[in-house]
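What TrEMBL annotates here:
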COMPBIAS  1-17  compositional bias 'Low complexity'
DOMAIN    30-223  domain 'Poly(A) polymerase nucleotidyltransferase'
BINDING   Phe109, Gly110, Ser111, Asp122, Ile123, Asp124, Asp176, Lys237, Tyr246, Gly255, Val256  ATP binding site
BINDING   Asp122, Asp124  Mg(2+) 1 binding site
BINDING   Asp122, Asp124, Asp176  Mg(2+) 2 binding site
DOMAIN    228-372  domain 'Poly(A) polymerase central'
DOMAIN    375-438  domain 'Poly(A) polymerase RNA-binding'
DOMAIN    443-507  domain 'Poly(A) polymerase RNA-binding'
COMPBIAS  549-561  compositional bias 'Polar residues'
Amino acid sequence: MWTQQQQQQLQQQQRPTEQQKKDEAARTLGMTSAISSALPKPIDIQRTQELMEALKPFNVTESDAELSHRMEILSKLNQLVKEWIYEVSINRNMPGNVAEHVGGKIYTFGSYRLGVHHKGADIDALCVAPRHIDRSDYFTSFFEKLKTVPEVTELRAVEEAFVPVIKMNFDGIEIDLLFARLALKEIPDSMDLRDDMLLKNLDQKCVRSLNGCRVTDEILRLVPNIENFRLALRTIKLWAKKHGIYSNVLGYLGGVSWAMLVARTCQLYPNAVAATLIHKFFMVFSKWQWPQPVLLKPPDNVNLGFPVWDPRVNVADRYHLMPIITPAYPQQNSTFNVSISTRTIMQEEFKNGLSITEEIELGKCTWDKLFEAPNFFNKYKHYIILLAAANTPEDQLEWCGLIESKVRFLIGNLERNQHISLAHVNPETFSEMNPTDDKAPPGTMWFIGLEFQKSENLNIDLTYDIQSFTTTVHRQALQIKLLKDGMRMEAKHVKKKNLSEHLPQYLLKKDKKINSTEKRNGTTSDRTSTERKRRSDSNMEGGGKRTRVNSTETNSVNDESSATYAALNNTDDSMSNISLELNEKKTAEAVELLKANEIQKSLPEEVVT
């Protein structure tokens, strides 16, 4: 909700005092000095107010009541943590008067901490405990304590994750709660996590858990005007989601990466208001010379033994395509998943964004145009459909989470094919139409658009590319004991003209003008705002909540088909005599052989003999 106070703050920036001018001149943020310290003009203020109005139909902000509800939930959770730490302390024979003061605290990070979360978004939080509380306590006694709380539902623990987490729904709000133990006797309410020495003697999992809070706080410290930063970031996040480039797990950028790009823009234009910052954002990053890294400050010279991003030392870091470096120690590249294709797609979107914002500045169009989603299904003439299915909704959730976390490897395989110039994965997922099993939930589909090198008499066999990917997924599923009966994954090639067999017509013939009118009238359909929510909006790692488009008609994928073969003719593509082949039988046989080998390895030696 845009308050009158925010409007006044915006207008006050047009009339800075002499002292403010001196302070801004003395404060240099970032790796370089500002490009421009120009103050906003009346037209910039007007454009920013128009931007605020354009954002309203998209529910990018919450009401005061909804914000208060979140604060109340966090307060309850914080109290639960303190009670749990006290109980564990007493059970370990700590005197009561001492146990009362050991503390414990909940910290937030991510979009909520940055102040840019949208209506209904989840909360990323961190539970910080003193040194006598173990991670095993967190996943046992605290987990059991949460089970007794009436407001807590959908409780689940992911203890073996790269960053261990407890997920829950607390009175209607999704919460991802991490855990970190500090090497301190007490955790006071005034504890500031920015001190690098707090990381001394901690294990890697604790450091990774603390990293989210430390990075978020550092970003807020490094921007010259937090309100301008927040409005600009809300806009860029909405634009990125609408244009299908918001997903860390699929090789695009996640929330923290977009935040750092906007923060760098704010550093380069410290006095600019949001409307100007949006235009400068596109201007800067449409011309950025990747892989030149984006940094918000010089790297900290701290030597606690934790690995940091440094291409001078680490050979693997030299191959990162679009490095955006976190500002807190240990510095990491937040975009290591970016591939050649995803970088190309994002660079093109940066250029398109620059063109649109230039038109907005000239008064030739409104902000609505920036948020018009391009039609992915009209962009390419050939697609790969990746289908994941399981017997139960719970299995489907886990299976899709694993597959989504590996899709970027399939993109890498396709990129290495000499005949493919671009592999464009759509972050949105869609439900299988007319599934073969009525008792099981409908399968989930990802669509990958393919662009080929211009050539004639070309025969492209993608069997190896697909087989390598499916083998990787099944091996990982076996290793983490996730693979269950009924879980299946299939891939097939589809021409654009045949997409109607797999998707409803409204997705294939979307009218942008109608959508723009709906937005201006505040009547955006549920289909757009709810059904088409991307899974990566909820969780940067792809393991969070999932909403799928419910489709109504299609041909089911046939498990028994020995091969999927498509011959393209002159009417389908400018390239003549090209054929695509996916041999699903070979891929299925390879997966079965992998399963047999893994099972054999797990058997005692005398049984194998």
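Cβ atoms are placed via backbone N, Cα and C, with glycine included.
Those TrEMBL annotations? Automatic predictions, nothing curated.
Sorted by the number of other CB atoms within 10 A, the binding-site residues Asp122, Asp176 start with Asp122, the lowest.
Cα-Cα distance from Asp176 (ATP binding site) to Asp122 (Mg(2+) 1 binding site): 8 Å (rounded to the nearest whole number). Cα to Cα, Asp122 (Mg(2+) 1 binding site) and Val256 (ATP binding site) are separated by 15 Å.
Looking at Asp124 (Mg(2+) 1 binding site) and Phe109 (ATP binding site), their Cα atoms lie 6 Å from each other. Summarising model confidence by region, the domain 'Poly(A) polymerase nucleotidyltransferase' (30-223) averages a pLDDT of 95. The Cβ of Asp124 (Mg(2+) 1 binding site) has 25 neighbouring Cβ atoms from other residues within 10 Å, across all protein chains displayed.
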